[in-house]
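Copied over from TrEMBL:
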{"type": "ACT_SITE", "residues": "36", "note": "active site"}
{"type": "ACT_SITE", "residues": "84", "note": "active site, proton acceptor"}
{"type": "BINDING", "residues": "36, 223", "note": "Mg(2+) binding site"}
{"type": "BINDING", "residues": "37-41, 49, 53, 81-83, 85, 87, 204, 210-212", "note": "substrate binding site"}
Ligand code: FPP
């Protein structure tokens with residue numbers, strides 16, 4: 001029996017060999033990635049920072065297919081934080097235009113692979129053209145039942161928790177929710193990620209050892225995996241190495 005889906009990423013033997021080493025019954029349901037190091041990758045090559053973002057965008061498709069091939073259910077990619085607005089205007093504009101290039105180019109293959117596009121983040125503040133590109137992709141893949149490719153865009157964890165707390169307080173004031181009902185599961189339902197499961201594995205590229213305001217509630221029991229590689233050079237092989245390491249970890253959730 002072949003435990004995994006057919007490999008769509010170019011039939012590389014190396015990928016097949018790495019996939020064969022994975023335990024098919026211990027694939028993380030939700031993998032989240034902080035795609036860091038685009039700028040440094042470009043600068044090392046004497047290229048403008050935005051060339052790194054463009055290369056990073058191309059890597060999104062590769063890693064999506066790699067995740068899909070082994071049966072990951074949700075892949076969340078941190079594409080733009082609520083803090084990234086502080087970057088130079090030209091860089092922000094460039095990042096905001098990437099969905100306009102990415103989705104028209106890739107949507108056919110994403111649909112062929114039954115991928116569903118989602119977004120976690122605030123729509124307010126995003127340019128109309130960015131929103132439209134994403135909304136079109138969400139609409140076109142709404143009925144797909146395979147991998148959820150979730151873009152964290154204009155997302156920040158503190159803002160998410162504060163806004164959740166405010167809505168919860170409002171619901172308590174109006175009597176919709178009683179204080180005794182408030183537990184972890186109820187609070188989670190006030191977060192933007194609801195109803196997605198919490199990430200099982202967080203990958204951060206580029207050598208930074210930080211969470212950077214990303215899913216701080218949801219990552220409470222996630223396994224963390226860091227690599228010095230920058231996002232544009234992070235390949236399917238590295239992704240499978242991270243999964244292999246995940247499978248070596250014993251998740252105890254505070255127990256023994
Ligand atoms: C961090 O690297 C990366 C980002 C802020 C942008 C990530 C976005 C993509 C990879 C493209 C997403 C694609 C779509 C379709 C939305 P950095 O610039 O902070 O790198 P540095 O730390 O080396 O400067």
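Glycine too: its Cβ is placed from the backbone N, Cα and C atoms.
All annotation found in TrEMBL is predicted automatically rather than curated by experts.
Taking the features listed in TrEMBL, we show where each one sits on the structure.
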residue	record	DSSP (3 states)
36	active site	coil
41	substrate binding site	helix
53	substrate binding site	helix
82	substrate binding site	coil
204	substrate binding site	strand
211	substrate binding site	coil
223	Mg(2+) binding site	strand
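Comparing the binding-site residues 41, 85 by how many other C-beta atoms lie within 10 angstroms of each C-beta, the top residue is 41.
Taking the recorded positions 36, 223 in turn and counting surrounding C-beta atoms within 10 angstroms, the largest count is reached at 36.
Long-range Cβ contacts of residue 204 (substrate binding site) within its own chain (separation 6+, distance under 8 Å): 33, 34, 36, 210, 224, 225, 226, 227. Proximity to ligand 1 (Cβ under 6 Å from any of its atoms) holds for these recorded positions out of 36, 37, 39, 85: 36, 37, 39. Counting every protein chain shown, 18 other Cβ atoms lie within 10 Å of the Cβ of residue 82 (substrate binding site). Nearest by CA distance to residue 223 (Mg(2+) binding site), out of the recorded positions 39, 53, 84, 211, is 211. Around residue 37 (substrate binding site), the same-chain residues at least 6 positions away in sequence with a Cβ under 8 Å from its Cβ are 52, 205, 206, 207, 208, 229, 230, 231, 232. Taking the Cβ of residue 211 (substrate binding site) as centre and 10 Å as the limit, one finds 15 other Cβ atoms among all the protein chains shown. Listed in sequence order, the residues of the same chain lying 6 or more apart from residue 39 (substrate binding site) and placing their CB within less than 8 Å of its CB are 49, 52, 53. Calculated from their C-alpha atoms, the gap between residue 41 (substrate binding site) and the residue listed as 'active site, proton acceptor' amounts to 18 Å.
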